[in-house]
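Student: The structure's right below; bear with me while I get my questions together.
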Amino acid sequence: MIAFLRLLKILRVFARYRLDQLLPANLPLAATLLLLPFKLFPQPRLSRGERLRRACEDLGPIFVKFGQLLSTRPDLVPADIVLELNHLQDNVTPFSKGEFQRIVESSLGASVAEVFASFNIEPLASASVAQVHTAVLKDGREVVIKVIRPGIDKVIAQDIALLLRVARWVENNTLDGKRLHPVEIVEDYRTTIFDELDLQREAANGSQLRRNFLNSPLLYVPEVYWEYTRTNVLVMERIYGIPVTDLAALNAQQTDMKKLAERGVEIFFTQVFEHNFFHADMHPGNIFVAHEHPSAPQYIAVDMAIVGSLTRADQYYLARNLLAMFRRDYRQVAELHVESGWVPSHVRVEELEAAVRTVCEPIFEKPLKEISFAQVLLNLFRTARRFEMEVQPQLVLLQKTLLNIEGLGRQLYPDLDLWATAHPFLERWLKNRFHPKSLWRELKRYAPEWMEKFPQVPNLVFNGLQQLQNLGELAPRLEEATHAYKAQQQLARQRNRRRVITLLAFAGAIALAWPSLGEGIRHWANHFSFGDIPTASYLLAAIGLSAWLLKR
């Protein structure tokens with residue numbers, strides 16, 4: 001009953017904002033009839049992106065989160081809708097102070113007074129999934145306490161079940177649905193949002209990222225206090241910084257904006273290629289700038305619920321793809337897509353090369369500083385999808401992160417030339433990958449595994465030799481079978497030739513006899529003779545009959 005009432009509310013909001021107009025035009029007849037009542041509602045004087053954004057906000061935090069996810073999929077969602085969904089606000093009414101305190105005490109097994117020297121009952125922030133308060137530990141360290149909103153898991157499960165039903169219907173009943181894979185999008189959302197409900201997972205991500213950038217001038221990650229962290233409660237160091245979007249404050253302290261923008265790019269490539277562990281939710285709300293050293297500014301990152309990593313093969317192919325693309329070597333881009341397995345092996349390299357050239361050439365006619373690096377990557381993947389490229393979740397995360405970093409960098413410093421930072425980094429990374437030191441590191445890394453398998457080598461060699469011997473014994477039989485097959489093929493060809501000769505002979509006989517054959521038939525009863533039929537026709541008929549008898 002609750003699910004039915006929720007569905008009614010969703011339909012009412014969809015009708016109010018006429019979201020039926022966002023659906024594909026080629027809907028089945030039943031669906032078209034079902035949506036007819038929507039046309040009774042007036043047309044809102046809003047763009048389609050605004051209508052979708054407001055509908056998400058009216059439907060609550062789960063749909064807000066889903067809209068935010070859609071804003072990270074410009075490969076599937078039109079650009080004007082992506083732009084509007086980026087403005088979705090994830091601010092919701094805080095849950096009760098008493099409830100917050102009860103959850104903390106229940107999870108930590110102690111009263112707030114026993115764990116904290118002071119505790120601010122007013123929330124610092126309240127979002128759809130969690131709420132944050134500030135506190136001070138007994139030893140004087142300032143912390144923030146993040147608590148999962150009570151009962152949110154049931155709300156999420158209910159709304160996702162409804163979204164999945166709609167997605168399956170759209171995918172099964174529309175051509176656009178089959179192309180856009182809405183079920184896959186909702187499943188991706190379900191994985192993402194349920195990961196966000198596990199604060200120990202987020203804490204582990206934060207610890208890893210902090211270790212990767214420990215003592216780095218580029219990025220600071222606050223410390224997690226594991227002794228006070230549980231699945232639904234996270235306690236970590238409180239940071240003080242300037243929101244990265246507060247340009248007035250950054251300029252007031254004379255921050256080197258060019259360096260700040262370039263360091264953002266450097267952080268991205270360091271995470272993706274050197275650490276192979278990247279913060280995949282680097283939107284402006286999760287990034288701050290330290291007050292110290294404005295001439296060499298340092299970023300501060302929070303909220304590590306979503307992270308990504310690539311396989312070593314994907315790292316390698318991505319680096320080579322980016323370098324080839326900016327050299328305008330479209331042939332190599334196409335070859336790398338096939339070689340990496342991103343597109344099926346049956347795809348013609350020449351066709352993919354032509355498609356990539358068509359998309360990229362207009363972009364590269366601009367000055368480098370005006371080129372959107374993320375947009376190039378997006379166009380590349382969008383083109384590859386036309387050639388059956390499977391959706392790679394980690395590459396989608398990376399693309400989304402790059403869009404955020406580049407957009408932020410251009411906001412800080414409009415003349416940012418991302419390629420000037422990326423090119424030497426990628427060249428250096430590829431060179432180091434095959435450096436003797438790197439190869440030695442790989443050898444040491446896999447040596448224990450190889451040593452463990454070494455005792456099996458004699459058996460593997462023996463089995464291999466045994467198989468070769470079996471192949472040797474099989475060879476004469478294969479040769480014999482080949483000869484038999486060839487003989488059968490030759491016999492079949494001879495039979496076919498005879499059939500053709502037979503047909504031609506009879507056809508020739510009939511053709512030669514035709515002028516007098518009719519006369520012979522007319523006098524059949526009286527003469528029982530075909531004396532008027534030309535002799536050549538008898539000869540051809542005899543040849544045909546002989547060939548037919550021989551083939552039997």
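Every residue, even glycine, has its Cβ placed from backbone N, Cα and C.
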Student: Can you match one of LYS146, LYS154 to the ATP site that Swiss-Prot gives for LEU124, ALA125, SER126, ALA127, SER128, VAL129, ALA130, GLN131, VAL132?
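Tutor: Between LYS146, LYS154, Swiss-Prot records just one in the ATP site with LEU124, ALA125, SER126, ALA127, SER128, VAL129, ALA130, GLN131, VAL132, namely LYS146.
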Student: In Swiss-Prot, which of the ranges 22-42, 232-252 has the transmembrane segment annotation?
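Tutor: Swiss-Prot lists transmembrane segment for residues 22-42.
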Student: An 8 Å radius from the center of the LEU124, ALA125, SER126, ALA127, SER128, VAL129, ALA130, GLN131, VAL132, LYS146 Cβ atoms defines the neighbourhood of the ATP site; name the other residues of that chain inside it, in order.
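Tutor: Close Cβ neighbours, site residues excluded: PRO123, VAL147, ARG149.
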Student: Rounded to the nearest angstrom, how far is the Cα of ASP281 (active site, proton acceptor) from the Cα of ALA130 (ATP binding site)?
Tutor: 16
Student: Using a 10 angstroms cut-off on Cβ to Cβ distances, just flag whichever of SER126, SER128 is the loneliest among these binding-site residues.
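Tutor: Sparsest of the binding-site residues SER126, SER128 by Cβ contacts within 10 Å: SER126.
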Student: Roughly where does the domain 'Protein kinase' (118-498) sit in mean pLDDT, to the nearest integer?
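Tutor: When the pLDDT values over the domain 'Protein kinase' (118-498) are averaged, the result is 85.
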Student: Give the distance between the Cα atoms of ASP281 (active site, proton acceptor) and SER126 (ATP binding site), rounded to the nearest whole Å.
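Tutor: Between the alpha carbons of ASP281 (active site, proton acceptor) and SER126 (ATP binding site) there are 18 Å.
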